[in-house]
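Q: To start, I am sharing the structure in question, which I have written as structure tokens.
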There are 2 protein chains.
Amino acid sequence: MAQSDNRTAAIVGGGVIGGGWAARFALMGWDVRIFDPDPEAERKISEVLAGAERALPMLYDAPMPTRGQITFHSDLAEAVNGVAYIQESVPERLDLKHKVFAQIQDACPEDAVLASSTSGFKPSELQDGALRPGQIVVAHPFNPVYLLPLAELVPGEGGDPATTERARQILREIGMYPLHVRAEIDAHIADRFLEAVWREALWLVKDGIATTEEIDDAIRYGFGLRWAQMGLFETYRIAGGEAGMKHFLEQFGPCLTWPWTKLMDVPEYNDALVDLIAGQSDDQSGHMSIRELERLRDNNLVAMMRALKGQGAAAGKLILDHETDLRGPLQDDVPLVTIRRTVPVDWTDVNGHMNEGRYGQVFSDASEELMTHVGADRDYIAAGNSYFTAETNIKYLAETLAAESFYVETRVLLGEGKKLRLWHEMKRASDDEILATCDQFLLHVSLETRKSCPPLPHVAEAVERLAAAHSA
Amino acid sequence: MAQSDNRTAAIVGGGVIGGGWAARFALMGWDVRIFDPDPEAERKISEVLAGAERALPMLYDAPMPTRGQITFHSDLAEAVNGVAYIQESVPERLDLKHKVFAQIQDACPEDAVLASSTSGFKPSELQDGALRPGQIVVAHPFNPVYLLPLAELVPGEGGDPATTERARQILREIGMYPLHVRAEIDAHIADRFLEAVWREALWLVKDGIATTEEIDDAIRYGFGLRWAQMGLFETYRIAGGEAGMKHFLEQFGPCLTWPWTKLMDVPEYNDALVDLIAGQSDDQSGHMSIRELERLRDNNLVAMMRALKGQGAAAGKLILDHETDLRGPLQDDVPLVTIRRTVPVDWTDVNGHMNEGRYGQVFSDASEELMTHVGADRDYIAAGNSYFTAETNIKYLAETLAAESFYVETRVLLGEGKKLRLWHEMKRASDDEILATCDQFLLHVSLETRKSCPPLPHVAEAVERLAAAHSA
């Protein structure tokens with residue numbers, strides 16, 4: 001995308017939000033000037049920066065831009081002098097914001113974007129009485145600003161279109177999604193939902209129906225996962241199924257008058273509203289059939305829940321625990337069948353087949369199953385011992401696709417002292433065709449010294465027993 | 001976990017919800033009997049089953065149980081005879097549900113769980129007038145039932161504790177999270193939030209503030225991602241920061257009286273309510289510091305957004321597009337630096353270091369960068385040509401951890417006709433230590449025939465030029 005030469009931003013007001021903005025700008029190659037009179041500001045922002053420096057680059061599989069310079073300024077005029085973009089994140093008091101805007105506009109370029117992080121104030125309230133009202137827009141971010149892409153961009157009627165367009169370009173350039181809020185309204189859009197849920201949640205806690213933890217579980221094990229990928233209306237479009245969005249709307253219309261929440265100030269539900277929503281939903285998602293939307297939803301949910309499983313968190317933790325229940329000991333056959341599973345949708349790549357790296361993971365998993373089988377299990381690892389792979393030779397013989405079932409047969413070629421050599425054959429379940437083979441050489445290591453050492457006797461014995469059986 | 005010998009369930013009422021239950025039970029090894037008088041039931045359920053059979057096993061990295069039998073029954077008494085669990089998902093009409101429960105209880109075992117999928121009715125309403133009221137509980141699932149783990153388990157005051165406990169065990173056994181709703185209330189817990197958001201969303205659409213698509217974007221690019229992993233209160237606990245949950249509550253208390261949503265029926269906000277919430281939040285999350293919670297949140301968000309990126313969906317699509325902007329052409333040095341990045345948190349394993357499979361992915365990515373460099377880019381692949389990896393030999397020389405920066409140097413060892421052989425060295429950015437090497441052999445293929453063939457002339461030429469330069 002087109003980039004302006006001036007890539008310097010001023011962050012006015014630090015804290016978690018200001019620090020998040022600073023981190024995002026700097027990590028995307030912008031020089032950042034920070035103004036915050038709080039003597040603790042530099043420490044607080046440094047902590048946000050440390051988190052951001054670790055997390056944000058992880059999102060990208062491309063080289064990151066050269067990091068910009070971050071400087072702290074005790075003079076606001078100096079901080080905003082000559083910059084292209086100013087983000088105000090001072091406390092939510094209108095008189096304070098007006099005072100800060102006046103000082104900023106005295107010193108900043110006339111064509112700089114002057115954006116406010118306010119969640120509560122409308123742009124017209126911010127613009128009121130300003131030197132150049134049109135320069136001021138709302139760009140409302142979501143914590144953590146350095147990871148979540150949404151920024152509600154609200155110019156209001158008083159916002160200058162050219163400034164709004166520059167704001168949009170700059171927000172895109174730092175990896176955000178500027179959602180243009182066309183009509184100004186209290187709390188913009190997203191926070192209105194947050195506030196509605198918050199109010200209902202307060203009732204539930206107050207009335208003793210649910211605790212904070214039960215409420216969080218009700219969200220993160222259910223609709224939270226749906227909303228993370230499709231939001232509200234596209235999810236309901238799927239619920240309407242083949243009968244369509246109108247059918248869904250007709251089914252749930254009557255509930256508006258029922259006490260399904262304590263919040264009873266509802267709009268009149270008539271044909272005009274149904275047609276409006278159904279029509280907008282068609283515009284949004286009508287290019288996909290319900291089956292296609294279901295497939296997309298399922299792929300997204302599987303991929304996200306697997307991602308959470310990798311972190312041992314939320315719904316992923318539930319699957320991890322359940323998986324432990326499902327996992328039985330390996331049958332002591334020759335060869336050992338170490339893996340029996342399907343290819344998940346997050347393992348395929350641009351060619352439409354399982355990515356070559358995932359073969360390595362399959363064989364890594366196969367050796368981990370074998371390790372468990374010989375007693376080098378999670379407890380053994382927790383006690384400070386493990387096998388590390390030193391070398392693999394993988395031959396890719398046939399393709400495999402998402403949802404295909406396969407299994408891995410594993411033979412111990414060598415099991416002597418700290419050395420372990422395995423031969424894996426990955427086969428398609430439907431026809432036993434060999435998909436890939438792996439010659440894998442592992443070394444037993446101490447996790448303390450990170451150096452090789454012999455396995456404990458019970459593991460050594462089991463490995464030797466298998467090597468003897470498999471050579472026969 | 002303990003499993004009963006009787007692993008047969010009856011699903012009464014098909015459709016999307018009943019079909020989802022049937023699929024989950026069958027895929028977890030239960031025999032399933034389905035009763036639904038709709039002549040279309042078998043077709044509709046088969047479609048749900050097909051989706052579930054593809055998606056559910058993908059969640060698991062363990063072998064799945066042997067699939068149970070699914071049978072369709074035209075006689076309700078036959079369907080529920082001798083089963084351990086019955087799930088009712090007929091239309092939301094209380095008279096119909098009462099009639100169905102009466103027929104079921106005439107024929108089913110007295111110790112079977114009789115659970116209803118109702119989202120609207122309270123258990124007391126369902127139990128009213130039943131033969132054995134205590135046998136009836138609510139087990140309210142979320143679509144797609146075969147993927148989302150949440151089931152709100154509501155026995156009400158009339159529910160038999162032993163039945164509730166059996167329901168809980170069975171729901172866990174099929175991979176769900178039974179959230180015990182202690183006090184019955186209209187719409188249970190989660191749907192009350194859905195209804196509150198729905199009502200606010202109707203206002204926004206009706207008043208022309210936002211379209212359905214803008215609302216979905218406001219959710220899925222922002223708080224939807226937060227909620228998918230932590231829910232509401234733990235997220236706000238982090239927002240409170242070092243000052244704590246009470247500080248957060250005090251800050252946002254006044255907003256309750258502001259028009260931040262159209263839904264103005266709010267509870268009285270007093271010290272008792274603040275103490276109740278802050279105390280529950282301490283019980284829930286007090287074992288972790290704010291820094292630890294932030295780290296967990298960031299890891300989860302990174303992993304989920306990367307998962308969505310793999311699907312080209314929602315927030316992941318935004319990162320994908322942004323990444324395209326960040327990616328520049330490779331410098332034509334010898335060796336080529338093909339990769340420059342950090343290790344993301346979803347690449348590490350039980351040993352705490354980058355999983356061996358991910359090395360394969362790094363080298364796969366390196367060869368993809370090289371392919372782009374020689375003109376075998378996405379358009380070339382879309383037109384039906386690509387390189388497939390035939391063999392890799394990877395040596396693992398040193399460990400690397402999440403967030404570490406590294407780069408890959410790539411040399412073309414051989415580039416003749418359809419053959420391409422690459423040598424990759426992966427090095428730690430901080431000290432240039434070699435982490436791993438890869439000797440990679442690729443074959444050029446036609447994506448139509450899936451057989452090897454020579455590359456197009458411009459690619460062949462570029463490969464030969466590199467091979468000559470790199471052998472020098």
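Using the three backbone atoms N, Cα and C, a Cβ is placed for every residue, glycine included.
Just so you know, TrEMBL annotations are computer predictions that nobody has curated.
If you look up TrEMBL, you'll see B:9-182 marked as domain '3-hydroxyacyl-CoA dehydrogenase NAD binding'. The NAD(+) binding site annotation in TrEMBL covers B:Gly13, B:Gly14, B:Gly15, B:Val16, B:Ile17, B:Gly18. If you look up TrEMBL, you'll see B:189-253 marked as domain '3-hydroxyacyl-CoA dehydrogenase C-terminal'.
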Q: Using Cβ atoms only, which residues of the same chain lie under 8 Å from B:Val16 (NAD(+) binding site) while being at least 6 residues apart in sequence?
A: B:Lys44, B:Val48, B:Asn143, B:Pro144
Q: I'd like to know which binding-site residues lie near chain A: of B:Gly13, B:Gly14, B:Val16, B:Ile17, B:Gly18, which have a CB under 8 A from one of its CB atoms?
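A: Qualifying residues, whose Cβ lies under 8 Å from chain A: B:Val16.
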Q: Out of B:Gly13, B:Gly14, B:Gly15, B:Gly18, which of these binding-site residues shows the lowest number of other CB atoms within 10 Å of its CB?
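A: So among B:Gly13, B:Gly14, B:Gly15, B:Gly18, the binding-site residues given, the one with the fewest Cβ atoms within 10 Å is B:Gly15.
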Q: Let's see if you can do this one: DSSP helix, strand and coil counts over the domain '3-hydroxyacyl-CoA dehydrogenase C-terminal' (B:189-253), in that order.
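A: With helix first, then strand, then coil, the domain '3-hydroxyacyl-CoA dehydrogenase C-terminal' (B:189-253) has 53 helix, 0 strand, 12 coil.
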Q: List the other residues in this chain whose Cβ sits within 8 Å of the Cβ centroid of the NAD(+) site residues B:Gly13, B:Gly14, B:Gly15, B:Val16, B:Ile17, B:Gly18, in sequence order.
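A: Other same-chain residues with Cβ inside the cutoff are B:Ile11, B:Gly19, B:Gly20, B:Trp21, B:Asp36, B:Lys44, B:Ile45, B:Val48, B:Ser89, B:Ser117.
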Q: What mean pLDDT score does the domain '3-hydroxyacyl-CoA dehydrogenase C-terminal' (B:189-253) have in the model?
A: 92
Q: Kindly assign B:Gly14 (NAD(+) binding site) to one of the three DSSP-derived states: helix, strand or coil.
A: coil
Q: Including all protein chains displayed, how many Cβ atoms other than that of B:Ile17 (NAD(+) binding site) lie within 10 Å of its Cβ?
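A: 23, counting other Cβ atoms within 10 Å of B:Ile17 (NAD(+) binding site).
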